[in-house]
Amino acid sequence: MKPNFSLRLRVFNLNCWDIPYLSKHRADRMKRLGDFLNLESFDLALLQEVWSEQDFQYLRQKLSLTYPDAHYFRSGIIGSGLCVFSKHPIQEIIQHVYTLNGYPYMVYHGDWFCGKAVGLLVLRLNGLVLNAYVTHLHAEYSRQKDIYRAHRVTQAWELAQFIQCGSEDGCTMVPKNCYVSQQDLGPFPLGIRIDYVLYKAVSGFYIYCKTLKTTTGCDPHNGTPFSDHEALMATLHVKHSPPQEDPCPARGPAERSALTSVLREAWTELALGVAQARWWASFTGYVIVLGLFLLVLLCVLAAGEGAREVAILLWTPSVGLVLGAGAVYIFHMQEAKGLCRVQAELQHVLRRERETQDLGSEPHLAPLLTAGGGQS
């Protein structure tokens, strides 16, 4: 490979808000999105919340000449909502489904049924191997009382582990977007940065973002936006890194302290999530014991003559109570174990950080949270 090697990579990222029967102007937005992607001819288009596989097939056919390679990531009951379109051949595809993803009984939120995941694409361009990632974490439904925070922290940690191998403010949910309500923005009336394009170079290479743009709430041609999120469009350049240059320079004490603080805060959130999961498991455990006692009592009554009809009438709801409580118990026990696993991994990293600081050497935290791909 030549020493003056340089590669330009244009990346498009959009949370499409493509929910069948619920999202406004869905068919029209998908059509205009396909027209836009064909016109711009990006190297990679990373899409989230494409909940209709029929819409993916529609885009795949519409974009087949400009983006010959495409993939739809399937998981959960209704799918991950993730798909990619590539101008270049995709060599390998790997998918990781997050361990925790909300609660099955919160049906009106629906995240548990989706099977949120992260997808990895391996591309080879001009002799260079590129890893591109696309993901969608659990949604934040309430900033004031976020019952899913521990799950989202767990997903962020798993994403960081899996990846280890614009506008003036960068906001991607803005008040100018006609599909966004002020209630969605909450305490951020000027907008929220909620979608990201992250990148990282391995040793020997240097990668930087040449340009970054976001849409501004409306399509310049049609006037209505593609989605309730704004699209990100980044132009990345990959170059050889001179031997004397370190593409990942050491972090200063202030940066290391800030990163350690973030990980400690994450550990605390996980501890709260573990306590809540264990409380629910204990509560449903008592319900199971009570239900089994009630079933035994009903069996005794059914064996007699006086209350047989009542016992038979109450048998079915009692069995339903035991089975329902058992399902909730199993779910929250699995949730507690998943949170404890991530908590233990974070504890290990924090312990290693303390040891390296005591020895005065460089910490091992630096690469953990700096890698990335297309994320929403």
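In case you wondered, yes, glycine gets a Cβ from its N, Cα and C as well.
Here is what TrEMBL records for this protein:
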type	residues	note
DOMAIN	24-163	domain 'Endonuclease/exonuclease/phosphatase'
TRANSMEM	283-304	transmembrane segment
TRANSMEM	310-331	transmembrane segment
Average model confidence [pLDDT] within the domain 'Endonuclease/exonuclease/phosphatase' (24-163): 91
Helix, strand and coil residues within the domain 'Endonuclease/exonuclease/phosphatase' (24-163) as assigned by DSSP: 44 helix, 40 strand, 56 coil
